[in-house]
Amino acid sequence: KEGYIVNYHDGCKYACVKLGDNDYCLRECRLRYYKSAGGYCYAFACWCTHLYEQAVVWPLPNKTCN
C-alpha cells in the first residue's frame, strides 16, 4: 500500500518542499508506520511506500484539511 501521510487531528497531508528524495518524509513515514516504510516528497506532500494494508493514509473519512 502507498499513500500520503496524514495528520489525524486536522486531516491535512504532511507538507514538504524538496521534491523527490526527502529525509524529512522518509523519517516521518518510518516513525508513523514502521522502519521498512519508504517515503519521498511528491506534489509537495510526503508520500509513503511499502505500508501494511490497514495503514491509515490521506484522505481521512469525515475530516477535511482546513
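Backbone N, Cα and C atoms are what each Cβ position is placed from, and that goes for glycine too.
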Per Swiss-Prot, cysteine bonded by disulfide to C29 (from C48, C65): C48
For C16, which disulfide partner does Swiss-Prot record out of C41, C65? C41
I'm trying to understand the geometry here, so how far is the Cα atom of C46 (disulfide bond) from the Cα atom of C65 (disulfide bond), in Å to the nearest whole number? 15
May I have the DSSP-based helix, strand and coil counts for the residues of the domain 'LCN-type CS-alpha/beta' (1-66)? 10 helix, 17 strand, 39 coil
Within 10 Å of each Cβ, count the other Cβ atoms and name the one among the disulfide-bonded residues C12, C16, C25 with the highest count. C25
